[in-house]
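Chemist: Dumping what Swiss-Prot says about this protein:
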- Gly81, Asn112: anthranilate 1 binding site (BINDING)
- Gly81, 84-85, 91-94, 109-117, Ser121: 5-phospho-alpha-D-ribose 1-diphosphate binding site (BINDING)
- Ser93, Glu227: Mg(2+) 1 binding site (BINDING)
- Arg167: anthranilate 2 binding site (BINDING)
- Asp226, Glu227: Mg(2+) 2 binding site (BINDING)
Amino acid sequence: MNIQQALARVVAGNDLSQDEMVEVMTAVMSGQATPAQIGGFLVALRMKSESLDEITGAAMVMRELATKVEVSANNLVDTCGTGGDGANLFNVSTAAAFVVAAAGGHVAKHGNRSVSSSTGSADVLEAAGVNLSAAPDVVARAIENVGVGFMFAPAHHSAMKHAIGPRKELALRTIFNMLGPMTNPAGVKRQVIGVFTPALCRPMAEVLGRLGSEHVMIVCSDDGLDELSIAAPSHVAELKNGVVTEFKVDPADYGFGYSDLDGLSVTSAEESLGLIRGAFKGDTTELSQKAAAIIAINAGAAIYVAGLAGSMKDGVAMAEDALSSGLAAEKLKELIEFTNV
């Protein structure tokens, strides 16, 4: 099936099969489709709403074409989000990665520069001094030795270059927002993924189940964050042992009062880094305490998913210890040094 045939099908409101989506995405990723065709296809998919087969097929192609990072550590975990929630919060999932590493985990962090928000994970790590151009073998050794490594998406998904122009010009959420978190180059099978709408929680968990994931939490807060919130309950779809279960996570159950999010939105990578460093240093200001709380609840989920804790509640307690001990700050320092040797 070529992209013109696929476009006609999707515009008519019909879903593509998984195999058909594999064909079309292969054409897109190999430069066989024009920018106009790619843009039209992305918009048509969005308007129809992407099916499980379509998302699965597209993810399979991206995974196949990715430049892999081979890591020997067990129970790798990733903390990431689709973006697009419009909240412009500081980089919570990026900060959480260092907390998980400090708690004894191995985090294969996958991310990019910002497309729609003020700062992406790559932007804030670059501002901190992490070398985004580190070779795959350096990233692998960082994950194994430091406990966290960063995989800059464009360096590992070079075939994506054909879709970059249409994505930027459209400036809309597309299937690629979902695919990024599902195409980790290290092949992680354990993840906490934030999404921009609760409607995506179950579908993404089911797709990851099809793709072989072991333990995943897909989260979206009731106040619209692609993170677990400290200001409202969050909707969660958890994939574990091949079964998807949906439930709410209430911050009050983890010792967090319903704190507002005032001051946690940022306009630059430097501002985001400032909030992260404040939380990592244990600053006692209200703002740093709020930042630490939202980092802890998200890191706690990842610590649990990574198999380091028997429950999310235990994971949150471990995250708080990693923050208060200064170990999370040390992990950030170690990654900066490791990638700049």
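Placement of Cβ uses the backbone N, Cα and C atoms for every residue, glycine included.
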Chemist: C-alpha of Gly111 (5-phospho-alpha-D-ribose 1-diphosphate binding site) to C-alpha of Gly81 (anthranilate 1 binding site): distance in Å?
Modeler: 9
Chemist: Going by Cα-Cα distance, which of the binding-site residues (Gly81, Asn112, Arg167, Asp226) sits nearest to Ser93 (Mg(2+) 1 binding site)?
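Modeler: Considering only the listed binding-site residues, the nearest one is Gly81.
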Chemist: Give the three-state DSSP assignment (helix, strand or coil) for Asn112 (anthranilate 1 binding site).
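Modeler: In three-state terms, Asn112 (anthranilate 1 binding site) counts as coil.
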Chemist: Neighbour count first, Cβ atoms within 10 Å, every protein chain included; then name which of Ser93, Thr94, Ser114 tops the list of binding-site residues.
Modeler: Thr94
Chemist: Whole-number answer please: how many Å between the C-alpha atoms of Glu227 (Mg(2+) 1 binding site) and Asn91 (5-phospho-alpha-D-ribose 1-diphosphate binding site)?
Modeler: 10
Chemist: For Thr94 (5-phospho-alpha-D-ribose 1-diphosphate binding site), which of the three DSSP-derived states applies: helix, strand, or coil?
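Modeler: Once the DSSP labels are grouped into three classes, Thr94 (5-phospho-alpha-D-ribose 1-diphosphate binding site) ends up as helix.
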Chemist: According to DSSP, collapsed to three classes, what secondary structure does Gly81 (anthranilate 1 binding site) have?
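Modeler: Reduced to three states, the DSSP call for Gly81 (anthranilate 1 binding site) is strand.
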Chemist: Check Arg167 (anthranilate 2 binding site) against DSSP and tell me helix, strand or coil, would you?
Modeler: helix
Chemist: Sort the binding-site residues Gly81, Asn112, Ser114, Arg167 by C-alpha distance from Asp226 (Mg(2+) 2 binding site) and give me just the closest.
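Modeler: In terms of Cα distance, Asp226 (Mg(2+) 2 binding site) lies closest to Gly81.
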Chemist: DSSP on Asp226 (Mg(2+) 2 binding site), three-state: which is it?
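Modeler: The three-state answer is coil.
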Chemist: Which residue, out of the binding-site residues Asn91, Asn112, shows the minimum number of other Cβ atoms inside 10 Å of its Cβ in this structure?
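Modeler: Among the binding-site residues Asn91, Asn112, the lowest count of other Cβ atoms within 10 Å belongs to Asn112.
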Chemist: If one measures from the C-alpha of Ser114 (5-phospho-alpha-D-ribose 1-diphosphate binding site) to the C-alpha of Arg167 (anthranilate 2 binding site), what distance in angstrom results, rounded to a whole number?
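Modeler: Their Cα atoms are separated by 12 Å.
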Chemist: What count of other C-beta atoms do you get within 10 angstroms of the C-beta of Glu227 (Mg(2+) 1 binding site), across all chains shown?
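Modeler: 27, counting other Cβ atoms within 10 Å of Glu227 (Mg(2+) 1 binding site).
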Chemist: Around the C-beta of Gly81 (anthranilate 1 binding site), how many further C-beta atoms are within 10 angstroms, looking at every protein chain?
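Modeler: Around Gly81 (anthranilate 1 binding site), other Cβ atoms within 10 Å: 29.
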Chemist: Where Gly81 (anthranilate 1 binding site) and Asn91 (5-phospho-alpha-D-ribose 1-diphosphate binding site) are concerned, what is their Cα separation in Å, rounded?
Modeler: 10
